[in-house]
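Q: Residues or ranges marked as domain 'Thioredoxin' in TrEMBL: 22-115. Positions annotated as region 'Disordered' by TrEMBL: 288-307. Summarising the annotation, TrEMBL assigns signal peptide to 1-24.
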Amino acid sequence: MFLNTVGLVLGAAQLVPCWKFATADEFRSALTGNQDTLVAFVAPSSAASDSLEPQWAEVHQEHPNAIAVDCLHDHSLCDETDLASFPAIRLYLKDGSMQRYRGPRRTKDITAFVKRLSRPVITYVTQNAASDFSKSDNVVLVARLANNDDSLRFNANDLSAVDALQSLIRQCSTPLVAQLTRRNEMEHFSAGKSLVYFFASDHERREEYSSDIRQLARNFREYLNFVTVDSSEYSDMLLGLGLPKDVSEALALQNSQTGQIFPYIGKLDTKSVESFIVDISEGNVQPWDGQSPVAEQDGVQSVHNEL
């Protein structure tokens, strides 16, 4: 019985991800090698680092050169690398350069980032290979050019402006429901549209919400930007939007013109979110008063008629 119990405990332990940290010497040795090295700088006691741990274990399976550094233990090493926050992910290339990763901290996004940088900036493909190449990343731009350069004078007028191509790529690559990250937060904050935030610490729940709400985001895209937020990383933002810091999931709408905030805790599906947005637009919901966080609601907050 005792041996069976020990076996069960050991088996369970093998299924639970656990940080395996590189020492300062191992870190420096990896950077002087002849291979690209992906590094996660973490603070194990933080919720954001904890949520990255299982994702990083999967990343390491695909990229054995991925290592992690404990910045609470090797704080002097992390100070040398000029880190502003944790966790931070960087790819050190064998040519001596370094690229910061600022996307969602999910396995598929991190591995896509590494693969993206391993490819040449421009890849020449044949007609037969174009279909497979178009599936190699989340966003792929394929230019089909003829050998006759003169023909471009009559076909490329729409792209003649200096920033036209960048603008086209930005429009096509921006998802209807994006995850708020350090890389894109200023872009969303300065877009001039009201923001609809969905907070959850579980990335699968954020993915589920994104899928469910996508059509609604399409319907309101002229006026609203929908974003998901990892509440373990942006916990301070919850309080600033009138939400309790320990809430499992919640939603808030921030009017970019007036600065008014409309927090909501309750049932969060397409129908309830749409009703909440419509009620705000019709003046049936009062903005947050800036004092205590809101409590869970069965419906929307109605405007009180003093008469």
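Cβ atoms here come from the backbone N, Cα and C positions, even for glycine.
In the displayed structure, how are the listed features positioned relative to their neighbours?
A: If you take every residue in the domain 'Thioredoxin' (22-115) and average the pLDDT, you get 91.
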Q: DSSP helix, strand and coil counts for the domain 'Thioredoxin' (22-115)?
A: 39 helix, 19 strand, 36 coil
